[in-house]
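**Q** Got a structure here, written out as structure tokens. Questions coming.
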Amino acid sequence: MRTQWVAKRRGQNNVSQMYYARQGVMTEEMDYVAKRENLPPELIREEVARGRMIIPANINHTNLEPMCIGIASKCKVNANIGASPNSSNLDEEVAKLNLAVKYGADTVMDLSTGGGDLDAIRSAVIKASPVPIGTVPIYQALESVHGNIENLTPDDFLHIIEKHAQQGVDYMTIHAGILIEHLPLVRSRLTGIVSRGGGIIARWMLHHHQQNPLYTHFDEIIEIFKKYDVSFSLGDSLRPGCTHDASDEAQLAELKTLGQLTRRAWEHDVQVMVEGPGHVPMDQIEFNVKKQMEECSEAPFYVLGPLVTDIAPGYDHITSAIGAAMAGWYGTAMLCYVTPKEHLGLPDAEDVRNGLIAYKIAAHAADIARHRPGARDRDDELSKARYNFDWNRQFELSLDPDRAKEYHDETLPADIYKTAEFCSMCGPKFCPMQTKVDADALTELEKFLAQKDKEKVAQ
């Protein structure tokens, strides 16, 4: 779809959506996004220019259907997929991608660390994906030196980053905010550093006693991103891995650096969103969102969860969706899903489905709470269908139509029950939805009550 759109931009030094927005140019991507969001195109351009919104759209991802991430638009959901050395392969990852898109993922991150040819897996995922694809290039950088962190060089990082950009990756997690002086701050934590990428950088700095190479070479990464319109997803290497560690000195020190890096990227018209925690008690979620907006000049916030309790392995799609809904309500722009397998293993297709639906619920609830235009329209339509016992319409409007129909049909599978005025919960005689109060009856009741009021006054 975008082949002709981007053809005229190739060869320019900067092809980012932010660059064009700041030049006053309305790109085709901005116009497309405006239609999807039902927002004025000029608002989209202004928000991208200001940095409060990004349109992750690598010029080499031409089959992309452009979308946006920002506080002015609907709350978005990311799904993670990825092969590991112990599980999964190319075909399985493409299948997970298709499933994620089916169930409403707005973006997908390929977090592959093994399981085959990483370049081939990434290429296949990008080719098959209508949604933006994100990656964490440090994983492949480590794989390229066979896991020997001490052998990694800044050139290794830059080489892999450019390779991902050339392939069409739309945004990349870059762990540039963790500095060598931050490392002593994790001493008081229960769970230390829980970011995979952050852990790699931390071990590199501890071995070499040198500053984070992604920080010292940040301007070179900016130059790569300008050429392909790759968006930064600034990684939170020091995100809390348990509620005990939430909002601590280490997390907030890195956040300050992420704000500085955000503004450095903006100086070159490169798009940025900022990643956030993690594990956060409910009473600290608002603080975390507001603090990010303050430190990062309102760049879009992209959070993993957050999980609001640590005691539910196997159900962390629920513990985190609670926090995600709150974070979205307070202004987070995108939620990274968590599956039931979080902390336990690599998610399979059913885990992807369950995690995504939990997060679509959270994002939608946030949109309603923020009074975004049209956010409740689907709810109202489903409520009408429910009141009218239009079962097929209810299934159709559900976030997971297959699951809704499956549960209904477990006890009432015959087609005749698709028009029945009850389900198996209440049966045919006790369903409260059968209580239909028509307008004439209400008019008669109002007359009766008015007469009673007159009689009381007369007394």
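Cβ coordinates are placed from backbone N, Cα and C, and glycine is handled just like the others.
Keep in mind it's a predicted model, so treat the numbers as computed, not measured.
These came from Swiss-Prot, pasted as-is:
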BINDING   ASN80, MET109, TYR139, HIS175, SER195, ARG196, GLY197, ASP236, SER237, LEU238, ARG239, GLU275, TYR302  substrate binding site
BINDING   HIS279, HIS343  Zn(2+) binding site
BINDING   CYS423, CYS426, CYS431  [4Fe-4S] cluster binding site
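Each of the listed features needs to be described in terms of its position in the shown structure.
**A** In this structure, ASN80 (substrate binding site) is part of a beta strand by DSSP.
Using a 10 Å radius centred on the Cβ of HIS279 (Zn(2+) binding site) and all shown protein chains, the other Cβ atoms total 25.
Sequence-distant neighbours of CYS431 ([4Fe-4S] cluster binding site) (same chain, 6+ apart, CB under 8 A from its CB) are GLU421, PHE422, CYS423. Mapped onto three states, the DSSP output places CYS431 ([4Fe-4S] cluster binding site) in coil.
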**Q** Just the number: how many Å between the Cα atoms of ASN80 (substrate binding site) and HIS343 (Zn(2+) binding site)?
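**A** Counting only the Cα atoms, the answer is 14 Å.
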**Q** What count of other C-beta atoms do you get within 10 angstroms of the C-beta of TYR139 (substrate binding site), across all chains shown?
**A** 21
**Q** Distance between HIS279 (Zn(2+) binding site) and ARG239 (substrate binding site) at the Cα atoms, whole Å?
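**A** One finds 8 Å between the Cα atoms of these residues.
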**Q** Does DSSP give GLY197 (substrate binding site) helix, strand or coil?
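**A** SS state of GLY197 (substrate binding site) = helix.
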**Q** Measure between the Cα atoms of every pair in ASN80, MET109, TYR139, HIS175, SER195, ARG196, GLY197, ASP236, SER237, LEU238, ARG239, GLU275, TYR302, the residues the record assigns to substrate, and report the largest value in Å, rounded to a whole number.
**A** 20
**Q** I need the neighbours of the [4Fe-4S] cluster site defined by CYS423, CYS426, CYS431. Which other residues of that chain put their C-beta within 8 angstroms of the C-beta centroid, in sequence order?
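**A** Nearby residues not in the site list: PHE422, SER424, MET425, GLY427, PRO428, PHE430, PRO432, MET433.
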